[in-house]
Amino acid sequence: MSFFAKLKSRLTRSSSKLGEGLDAIVAEAPAAPEATPEAPASAPEPARPGLIGRLFGQGPAAEPRRVLDDEMLESLEDLLISSDMGVDTALRVTANLAEGRMGKRLSVSEIKALLAAEIARIMEPVARPMPIYPKRPQVVLVVGVNGSGKTTTIGKLASQFRAAGKTVVIAAGDTFRAAAVEQLKVWGERADVPVLTAPEGSDPASLAFDAMTRAEADGADLLLIDTAGRLQNRQDLMEELAKIVRVIRKKDPEAPHNTLLVLDATTGQNALNQVEIFSKIADVSGLVMTKLDGTAKGGVLVALADRFGLPIHAIGVGEQIDDLAPFDPEEFARALVGAEG
Ligand SMILES: Nc1nc2c(ncn2[C@@H]2O[C@H](COP(=O)(O)OP(=O)(O)OP(=O)(O)O)[C@@H](O)[C@H]2O)c(=O)[nH]1
């Protein structure tokens, strides 16, 4: 299966919500005069139906259409907002979609293609893989609230980097959560990557320092550092992260080279607050969004791209190693709206 096919199947909760909403919007068309024969200007050409399809009145020729007017635009805005795209982004997407198309008759598949193109345009500038530097070890600090998928993401990244021939060390920096440490050990074993741990409740900065020493001694390409995600006590967390950074800078003044914020798509609009908070307490350099497979709130990634402009490195669409994929804006946009292709 191509990755697009997989992405599309994993994003069905988001795409069916949008698809059903669009079907309903187009079906709600106010009684219109006989269909105008001319094709809608600058809307994408629907696929040509086969002979059988034409004979039996199926295919795009039979697809219902609705004249794009203010009322329909408003319904489209509401639909996008309900997919967690956020008000500003939803308004922008629909305004761009409407430009030059008011009064045209559009079908659901045309609207999907237009939406996908608009969404991809917003996301294109932020679709950036995590940069890899010649620096050894490249230190990657991974932050995010508990349960956002940090541990799983570190495990997947470690496996993928190993498969690409890189040497990796993991530091299990959430020393307050034995379960997180255990989980990392399992991922480490699977990926054949050493996982440095420290006694429960001990200072994560001291573990980070030891991990730097080990990564340097091993000549490792990458050091991935897990961190705690207790936002309930923001001050403590801020101090903890600042201390980790201070300590690893004793060994490399430029570390960490990346600070990845892991966000859980199922939290919807709350992910926007998390970006704001973590950008204040850590120097976030890029985002990873997990659990896009388990939610109808996938539109939140569009809002994040639009609002913050932070690079989106990867997306998680499942719990297996290869369920973390580089972020491709066009594929994501088409999968999100359920467009063909
Ligand atoms: N469906 C799905 N589940 C995921 C994905 N990423 C992570 N998970 C699951 O989400 C749960 C939480 O992930 P963790 O990696 O433990 O999250 P964490 O941020 O490290 O959380 P703590 O260990 O509690 O700090 C686990 O059950 C993961 O298997 C994803 O992309 N899709």
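Including glycine, each Cβ sits where the backbone N, Cα and C put it.
As written in TrEMBL, here are the features:
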BINDING   144-151, 226-230, 290-293  GTP binding site
DOMAIN    47-123  domain 'Signal recognition particle SRP54 helical bundle'
DOMAIN    136-283  domain 'AAA+ ATPase'
DOMAIN    137-338  domain 'SRP54-type proteins GTP-binding'
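Everything TrEMBL records as a feature, shown here on the structure.
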| residue | record | Cβ neighbours (10 Å) |
| --- | --- | --- |
| Gly144 | GTP binding site | 28 |
| Gly147 | GTP binding site | 15 |
| Lys150 | GTP binding site | 29 |
| Thr227 | GTP binding site | 24 |
| Arg230 | GTP binding site | 15 |
| Leu292 | GTP binding site | 26 |
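Checking the binding-site residues Gly147, Lys150, Thr227, Arg230 against ligand 1, the ones whose Cβ sits under 6 Å from it are Gly147, Lys150. Note on the domain 'Signal recognition particle SRP54 helical bundle' (47-123): its mean pLDDT in the predicted model is 86. Annotation note: Gly147 (GTP binding site) sits in a coil segment as assigned by DSSP. In the three-state DSSP assignment, the secondary structure recorded for Leu292 (GTP binding site) is helix.
Residue counts for the domain 'Signal recognition particle SRP54 helical bundle' (47-123) by DSSP state, with H, G and I taken as helix and E and B as strand, are 49 helix, 6 strand, 22 coil.
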